[in-house]
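As given in TrEMBL:
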| type | residues | note |
| --- | --- | --- |
| BINDING | GLY69, VAL72, ASN76, SER299, ASN331, LEU445, SER449 | Na(+) binding site |
| COMPBIAS | 698-718 | compositional bias 'Low complexity' |
| COMPBIAS | 719-730 | compositional bias 'Polar residues' |
| REGION | 639-683 | region 'Disordered' |
| REGION | 698-740 | region 'Disordered' |
| TRANSMEM | 63-80 | transmembrane segment |
| TRANSMEM | 92-112 | transmembrane segment |
| TRANSMEM | 132-163 | transmembrane segment |
| TRANSMEM | 216-237 | transmembrane segment |
| TRANSMEM | 249-268 | transmembrane segment |
| TRANSMEM | 288-312 | transmembrane segment |
| TRANSMEM | 324-346 | transmembrane segment |
| TRANSMEM | 433-454 | transmembrane segment |
| TRANSMEM | 475-499 | transmembrane segment |
| TRANSMEM | 505-528 | transmembrane segment |
| TRANSMEM | 549-572 | transmembrane segment |
| TRANSMEM | 592-617 | transmembrane segment |
Amino acid sequence: MAATKIIDAPRNGHEMAPLNTRARGDGTHGVTIVLTAPQRNSVQSVDIPGEPDRAAWSGKMQFFLSIIGYSVGLGNIWRFPYLCQQNGGGAFLIPFMIMLILEGIPLFLIELGMGQRMRLGALGVWNTIHPWLGGIGISSCIVTLFVALYYNVIITWVFYYLFNSFRYPLPWSTCPTNSSGFELEECAKSSETTYFWYRTTLDAAPSMDEPGGLKWWIVLCLLLSWTIVFFIVMKGIQSSGKVVYFTSLFPYIVLTIFFIRGITLRGAGDGLMHMYTPKLGKLLEPTVWLDAATQVFYSFGLAFGSLIAFGSYNTPKNNCVRDVLLVSVCNAVTAIYASVVIFAILGFKATVNVDRCNAGNSEMLVKYDMLPYTNATVEEFNVAMAKYNATEPKPFVLSVCDIKKELDNAAEGTGLAFIVFTQAIVELPGAPFWAVLFFTMLLSLGLGSQIGILEGMLCTLFDIDIIKRVKKQHVTGVVCLFCFIVGFIFCTGAGEYWLKMFDSFAGTIGLVVVALMEMIAVIFIYGHERFTEDIYQMTGYRPGLYWQLTWRYIGPVIMVCILISSVVFMVIRNPTYGAWNAELGAIEQKNYPNWVMGIALAMIMAGVLPMPIVFLMRSFQCLKVDLDIHQGSIRRNETTASTKEMIDNDDDDDEEDDENDFSGPALGGHVKTQSDFSEDDEEDKPMTMRLMMMRPTTAATTTTTNNKTNPTTPLNKTGSNHLNVPTSRKQNFKKDAYDV
């Protein structure tokens, strides 16, 4: 057969597209083959092993806003300020920044870089690195499902408060009264905002053993939440990518409005001084460093699979290193900025409470003739207080009015958002307007994070070939419907107790284990040299000493410390939850029932066990390796016998370079074959694996010399190993294109 066409292509990498031949009608099959050798140590067009028709971001801004909306979530508003206050004020920023540099940024780049490199979801990425690691993607998907279940319940509560914010006066500004016109005892013993949260919103049950029935208003808001989330994510980034322009930017607008209003309020300075006054002695406590590491880990949303999914929609030449640094800085600055806004408002609230307390004391002093009138000056009030303090025995008891004590009572989580901050909003002029702004901001933050969480889970599901055949809208609808039905447990009187249990157990140990295994898989199995080369090929930047130290040593050590401390604290500190006591009008701590702890343990195991199960089943060949999950990375097994020797061959001059080439197969790097392994390597393999690798070789091949074809000895069609990679690397050929 004569050569009809010769293509002199640049030496960029093996063109490994499937060879789908087409019949000409004359009994022959025409195929054009282009074979070029890889360029080492140069930035080039990389052949990505993922899906060629994979969805992509419409622009750089869409990707950046999506990842900001996912990373900057509710924790930046109601978790970070609390940690600053409890762990040394401004001194807490020191361990936070250190952990951000040593733990958050390196792991962030691993997830984003691997997603961009492989262009696959979490399941496909870890299967591509090694089929035995497929359990990492499954564990990540399960843990993400647990978090998605309860995270949307928070959005449900935000919806309920948002609807009530349009009422004037705000329903949590006063206590309801009974038929006699007196305040309800439960509200009088607590506060207006506390009563509205526990009784009006949640209708809280006394314990998890007595949950009560479903609260229809919460069920309706939950249905609304999942419906909105479904319409946002049903088409993937084509639909969610448009929403992020609102969910990511609107919170910053609201924070700026609150910042301008907050710093003009009296008492704002006291709140900021209380929060950021450094208490350096706190840095000697190990729990402060643990809190900093944990906050960094969860604030970035690591190990959910979402960052891998977001990275997989990038172009192969995107500068992911720059993206990681920008998002990290933005995340940290947002947390600090939100803390300033929160404590400026809380300082105003504390000042109002102190003034109210002093007014009550003034009435008592007037009643006992120690003060002439209630509207006395500050000097007159201080004189009366001095007279009271000198009187023994005390004729009556006065309240202690201390602004520091008021600021120390700051809460976190739902307590900060729905109780403490709502009380501060009530004191502001035009309270409904500020309430609408605040809860719309929380809604935006919650939706932004929920979009990322679901996108990571759905992207993992669509790495499975069977699910890939179903329309994304249908799969998304089934997932949302399932989550809505399971979410009924959060719509009972014990809903908040269940949410805190999920938050304490479902998304803690499982995520840390997944993150640790991700780091081990990429750095020690995939290879830190190869990953470094991948980053260089994609960005033109070669990670240096800082990245190598944090990836190989510091990061894994920090993750192990977080994991061990989490388990130890969970065992030492008997897990409890805060149950609402209507008679006392206060929270009382109760132990989790045994059956609830059983569910918690089952959730932890469900998030961890897939990793060892998949490892064992695939290593002993109990489970067939599903090549469809990562077919892009093993495309060499789709070649025909007539082209096998061409694909495997490389120039003899490059053979020495192959030994030191750390680029992956899709970058033109060498794929190890049976001949590359020593006898010692073979002995280390399980018996089933060796038997599979030792199958005989028969297939029909042809060699081309001077435009003539000569048949050679037939070889086994299956090839020499389980990936059908040729075993010989010494075959000479012309790097030409022929019509066969």
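Each Cβ is built from the backbone N, Cα and C atoms, and glycine gets one as well.
Overlay of TrEMBL feature records on the structure.
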residue: GLY69; record: Na(+) binding site; contacts (Cβ under 8 Å, 6+ apart): VAL244, THR247, SER248, GLY448, SER449, ILE451, GLY452
residue: VAL72; record: Na(+) binding site; contacts (Cβ under 8 Å, 6+ apart): SER248, PRO251, CYS330, ASN331, THR334, LEU445, GLY448
residue: ASN76; record: Na(+) binding site; contacts (Cβ under 8 Å, 6+ apart): SER299, ASN331, THR334, ALA335, ALA338, LEU445
Grab the same-chain neighbours of the transmembrane segment (549-572) for me: Cβ-Cβ under 8 Å, and only residues 6 or more beyond its ends, written as numbers and ranges.
99, 101-103, 105-107, 110, 290, 293-294, 297, 508-509, 512-513, 515-516, 519-520, 522-524, 528, 531
If you count, for each of the binding-site residues SER299, SER449, the other Cβ atoms lying within 10 Å of its Cβ, which residue has the minimum?
SER299
Looking only at residues six or more beyond either end of the transmembrane segment (63-80), which have a C-beta under 8 A from one in the stretch?
57, 154, 237, 240-241, 244-245, 247-249, 251, 295, 298-301, 306-307, 310, 313-314, 318, 323, 326-327, 330-331, 334-336, 338-339, 342, 412-414, 416-417, 441-442, 445-446, 448-449, 451-453
Can you work out which residues elsewhere in the same chain, 6+ from the ends of the transmembrane segment (505-528), have a Cβ less than 8 Å from its Cβ atoms?
107, 110-111, 114, 126, 129-130, 133, 136, 139-140, 142-143, 146-147, 150, 297-298, 302-304, 548, 551-552, 555-556, 559-560, 562-563, 566-567, 570, 600-601, 603-604, 606-608, 611, 662
Quick test of the contact rule: Cβ under 8 Å, at least six residues beyond the ends. What residues does that give for the transmembrane segment (433-454)?
66-74, 76-77, 144, 147-148, 151-152, 154-155, 158-159, 161-162, 165-166, 170, 228-229, 232-233, 240, 243-244, 246-248, 250-251, 254-255, 257-258, 261, 301, 304, 306, 310, 417, 421-422, 425, 476, 479
Starting from the Na(+) site formed by GLY69, VAL72, ASN76, SER299, ASN331, LEU445, SER449, give every other residue of that chain whose CB sits within 8 Å of the mean position of their CB atoms, in sequence order.
ILE68, TYR70, SER71, GLY73, LEU74, GLY75, GLY301, THR334, GLY448
With every protein chain in view, what's the tally of Cβ atoms within 10 Å of the Cβ of ASN331 (Na(+) binding site), excluding that atom itself?
22
Are there 3 or more C-beta pairs under 8 Å linking the transmembrane segment (475-499) with the transmembrane segment (216-237), counting only pairs at least 6 apart in sequence?
yes
Okay, the transmembrane segment (132-163) and the transmembrane segment (475-499): do they have at least three CB pairs under 8 Å, pairs separated by 6 or more?
yes
